[in-house]
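Per Swiss-Prot, the features are:
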REPEAT    148-189  repeat 'PFTB 1'
ACT_SITE  484  active site, proton donor
REPEAT    513-558  repeat 'PFTB 2'
REPEAT    590-630  repeat 'PFTB 3'
REPEAT    639-680  repeat 'PFTB 4'
């Protein structure tokens, strides 16, 4: 039986931590764990998911929840409530519904104070990790038979009815993910026509019917070349020499978005080495299975730019293709010959130095799941028996997640982000007298998860930004500062500082608060908006270089409405509590940030959400940020337009439901069907509350609250529905905790501001700056 372990490093000499592994969550298989009843409960969850996999594609993340509730012997004691048609929602009904969810949510807190959750749903995350451990000869040591069984379960569960796999679990089939998952099944032991319901045969048929694997997108071409089932001559150049150029060079990686930079760092190393893994009998078989012509007859140079239409969300512009052609024709032959091959050797060393630096400063977690197997493989190529590779192996467990739909690879964990939102939802409930220990533990976790140092050495030379005082998206060890994670965690600490210490613990030291504010301020751009990870270092013109066909806006850092809103909220509250610290600078920062939010509003009154689906998410953040900055419905046309957008998109059942297609299409697309999405309903509901809807006409809020209350389960949680997370326009994420966090938060705000409208928003002040 699978069990999750919290804040454990084990006895592995190759793993280390900056904060005693707080926030770390790893899964282990214990064949002796669980009673027959508990094992049956898990199996029932698996079977229920399988039967309904085409209706609700994200899993409910039940395995760890079943474990926690058993360990804490949680029983729901508060009776379920229901609002009948024509019935008024009383404070007693709202309080009962809220208390049911809050008590359950508190029982789901981990022992170190954070909340666990899956953060995944992308179907290109896991196969490269399997490829990497296969190439290095560690497949059987990293993945036990139980691991392999659950990985295959996940692949089977998320195969589309047409036989292919999408970029994400709700997406249409693509060549990229179908080829990757087909090969993954073969490596894990399935025969060419094997798998549940002939998964391999159906997957291969999809590949061949859509032109074969030569049409795989660029990341796929890279991984297939590494694996030995494609040729490097069929990929566009990724010269490591770019890392050897002065950072003033217009196309230097230092100017790129951190994820783009650190993905292409090991890719360029592998490309420069022309590395190919062992050509095993299985690799030779796969070569003959995924193409429509014999492998040795393929003209690799002619397929460099080929991309299946299903994958080609961001077609390469002609000027980009000309650049790749020039590099392929002129520079690559040059760097393979003396004396220029000496320059390549130097560039490879510089690139490897950067890989080691990033590995060290993330405790070998790396910045994310795309980069992890690439960096690990580069370290193995340099020294198969070296410490760096062994440290990478020790951190694979940080990425593995087990649900009722099988084993998947996390993006890299959302522990800090999820916890900061969960704590704010619980604080808003005004039930601190009932859940004091939960709040205290969460407060301790948040304080202990703050970064206390910048990256090591001359970090600016390594193109890194300050991190001292920041919070990451996952845990402290991962090390990468994020503006909104910092702002939301700082808000938690500031809110706790206003509460009785005997309930929530001692407040954070002022110097650490100042460090956090310093990080937030450092990430504001000249246009007033806030970036996520690093300051914007280049203009948007560089996006024409985007080599990734299925994503957009990933070459350089951009400003985001969500990050800007979070920063405003944190700084407004900080300014109230610490009015003398950088007062004028913070005041100007808030003014410019609020203006940025107004400036990027869509003509229909909405805001595009970058990290959630989509206009519902962005509009909630925008309205909350503007309200924090002192804007009101009466004095701000942007708020009036935003409120109007939300009211117009409310559905007959009182809720909201937006399709994930809004993200790639960049226009509001309603969800097909009659059912509303409860998480999006919570976002819209809170957006209306911050827009002052309660005092004008509370009926839309009553209708939304009725839907949330009546959707609550017998246990006290809320049902899993469609995906709600997003990134890079075309990739959707499963934030499994959101199904509880946001309905709780919305009901809490409804109870405070609609049923008891005298309550303030908690921003510190609401007058105009």
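Each position is counted from 1, following the chain as shown.
Using N, Cα and C of the backbone, Cβ positions are placed for all residues, glycine too.
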Surrounding residues of the repeat 'PFTB 4' (639-680) on its own chain - C-beta under 8 Å, 6+ positions past either end: 170, 313, 601, 604-609, 613-617, 619, 622-623, 626-627, 631-633, 687-688, 691-693, 700, 703-704, 706-708, 711, 718-719, 721-724, 726, 729-730, 732, 738-739, 742-743
Chain residues outside the repeat 'PFTB 3' (590-630) and at least six past its termini with a C-beta under 8 angstroms from it: 524, 527-530, 558-562, 564-569, 571-573, 575, 636, 638-639, 641-646, 649, 656, 658-660, 662-663, 666, 668, 680, 683-684, 686-688, 690-691, 722-727, 732, 761, 763-769
DSSP-derived helix, strand and coil totals, residue by residue, for the repeat 'PFTB 3' (590-630): 24 helix, 1 strand, 16 coil
DSSP helix/strand/coil residue counts for the repeat 'PFTB 1' (148-189): 23 helix, 5 strand, 14 coil
DSSP helix/strand/coil residue counts for the repeat 'PFTB 4' (639-680): 17 helix, 4 strand, 21 coil
